[in-house]
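Everything below concerns the one structure shown next.
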Amino acid sequence: MLVVLGIVALSLIVVGYNAISVTDTTAKARQERFAARLLEAEISSLPDQQRSATVWDDAVLNTELRDDDWIDGNLGAWMQDYFGHDESYLLDRDDRPIFASINEERQPLDVFDARAEDIAPLVGRLRALMSEASLNVENPYEELAEVSVVSAVHLDTGPAIVAIVPIISDTGEIAQVPGSENLHVAVRYLDAEFARTIGDPIELRQVTFSDDGSSDDLARVPVTDSDGAPVTWLVWTPERPGMGLFFSVLPVLFASAVAIAFFLWWIIQRLLRVSKQLRTSEERLQQSQRLEAVGQLTGGIAHDFNNLLTIIMGNTEAIQDRLGPDHPLRPSADLTALAADRAADLTSRLLAFSRKQALQPQVTDLNAVVSGMEGMLRRTITKDIDIRIVAAADLWRTEVDPAQIESALLNLAINSRDAMPEGGVLTIETANVALDEDYVASEPGLTAGEFAMISVSDNGHGIAKEQLGRVFEPFFTTKPVGKGTGLGLSMVYGFVKQTGGHISVYSEPGNGTTVKIYFPRYYGTTPAPAGKVQEKAALPGQETILIVEDDSLISQQLSSQLTDLGYSVLAAPAGAAALAILKERRDIDLLLTDIILPGGMNGQQVAEAAKAINPQLKLLYTSGYSENAIIHHGRLAPGTELLSKPYRRSELALKIRQVLEA
């Protein structure tokens with residue numbers, strides 16, 4: 001039955017989606033029809049606008065007298081101001097300019113030279129039409145008054161509409177020899193103002209003119225010349241009423257099979273009706289970005305590997321303890337431990353890129369971080385590289401994880417070192433930076449504001465332009481095989497984004513690379529530094545610990561390690577079982593729970609229920625990552641104790657003592 005209902009629901013969704021597509025396509029086509037009509041009407045109105053002052057006895061007389069002041073006041077600046085024309089020209093019977101005006105300013109006649117070649121075909125066509133209209137007509141002024149030529153033309157300044165009409169007597173009392181009439185030329189640019197003239201009446205979004213009319217995502221209407229060839233395109237973002245309405249009710253569709261059928265039927269009917277009514281703006285569908293998709297994948301992989309590494313590292317430590325330093329298998333065990341450490345470092349970098357690591361932010365002075373790392377950097381970087389530090393005075397403080405900043409700086413410094421095999425200059429600089437709206441407009445996801453900036457620059461071989469867009473991808477590297485993992489910049493990128501900052505890379509092949517990191521300014525008061533926690537040796541204990549872990553291998557290993565340390569250990573595979581044990585055993589001192597658990601309760605929910613049973617119970621969380629449970633926006637909730645996988649037995653023992661004795 002469920003399968004049948006599922007098939008029915010899926011079929012209805014497909015039908016509904018098709019109906020939505022038809023609705024959006026219809027809405028787009030309707031907009032294109034309306035825009036085409038308005039565009040045609042606006043273009044065809046140009047000759048009528050000209051005739052308001054060219055079919056006039058005074059116009060005939062004053063143009064023959066070459067009265068430039070009268071011409072400018074009636075056929076030049078006045079017409080441009082009143083009708084919005086951009087250029088006006090008068091041509092004599094030989095099609096030579098006798099008047100020129102651009103943007104309401106009278107111009108020398110030779111400015112027409114730049115237009116003559118483009119306008120000449122239209123002038124010739126108008127002369128032919130005038131000859132045809134006056135053929136065998138004694139006084140053809142009425143016929144000539146209706147003759148005009150208007151067409152889109154690509155001028156040297158861009159696309160424009162050019163309209164040409166003859167200057168004709170309105171009474172017929174002024175005799176005009178056919179073919180001797182002066183001509184009036186009006187030019188209207190196809191610019192943003194013209195586009196708004198078309199778009200505003202029908203509320204088109206982001207309307208403009210474009211030379212490219214091939215995009216399927218945009219609605220478009222061609223602006224053609226007299227031969228029907230497109231000169232430019234009127235383009236805009238079309239309304240999508242169907243898709244917006246569909247997603248607004250999508251959650252309801254999954255309530256039940258009956259509800260799905262009913263609501264889909266309802267929405268299809270609604271879509272057919274609203275297709276002619278909706279004009280409001282609809283939200284664009286957001287596409288998943290490539291880095292976000294890769295981050296989700298790498299985060300999941302890193303989490304699973306951390307579980308495996310926890311087992312490997314724990315058992316390797318146990319083997320090392322049981323093998324003496326001179327045992328023939330001890331080197332193999334040591335190599336296994338070293339490989340596990342390297343694998344743990346890789347998974348840590350993957351979690352940093354996917355923004356699923358737990359951060360411990362503090363109010364931090366970036367100058368102090370750089371100063372504290374200077375000695376280590378000089379030991380790490382070869383002597384033929386000159387390290388220069390430029391620290392800004394009165395640098396704004398920021399709230400970040402200092403350990404992650406140090407790791408990011410070290411990664412960037414190593415990248416710079418590798419880019420300068422023959423030596424060079426490595427510059428680390430800090431500065432206060434205010435990013436305005438103009439800058440952030442070109443940077444998706446970035447908001448304007450004040451930032452503490454730290455940059456790392458080198459004068460190495462640089463990065464090719466075609467590779468710059470990929471430098472933050474995990475496992476992408478420009479280094480030779482075996483010289484890098486491709487995770488350094490990925491880790492830095494993930495940390496910066498998780499902190500709410502911004503990172504940019506500028507590079508030129510042969511001239512070096514600059515990486516700038518912007519951290520939001522901290523506006524609060526600087527808290528007093530916390531005293532350093534004195535580390536205790538991994539001493540045994542006698543308390544009772546309840547382990548909540550769904551992975552049986554990890555649970556067995558934890559139980560074994562804690563038992564060896566002298567603790568009494570209880571284990572549960574899920575939250576419900578753990579709570580049942582807590583209700584029976586009030587002597588439990590510590591709850592050690594994974595974040596991600598089966599059975600409908602995560603680690604935080606189990607901990608909250610456990611504290612309700614035993615308020616004195618101490619809590620310690622452990623996880624490969626914990627994006628949604630106890631970490632808020634990548635930051636540990638106040639008072640949270642977390643032991644990140646993978647961990648060594650000594651780290652486990654020390655953390656447990658710290659929590660129990662807190």
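Backbone N, Cα and C atoms are what each Cβ position is placed from, and that goes for glycine too.
According to TrEMBL, the protein carries these features:
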TRANSMEM  245-268  transmembrane segment
DOMAIN    300-523  domain 'Histidine kinase'
DOMAIN    544-660  domain 'Response regulatory'
MOD_RES   D594  4-aspartylphosphate
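Other C-beta atoms found within 10 angstroms of the C-beta of the residue listed as '4-aspartylphosphate' number 24, with every protein chain shown included. The residue listed as '4-aspartylphosphate' falls within a strand when secondary structure is assigned with DSSP. Model confidence over the domain 'Histidine kinase' (300-523) is summarised by a mean pLDDT of 78.
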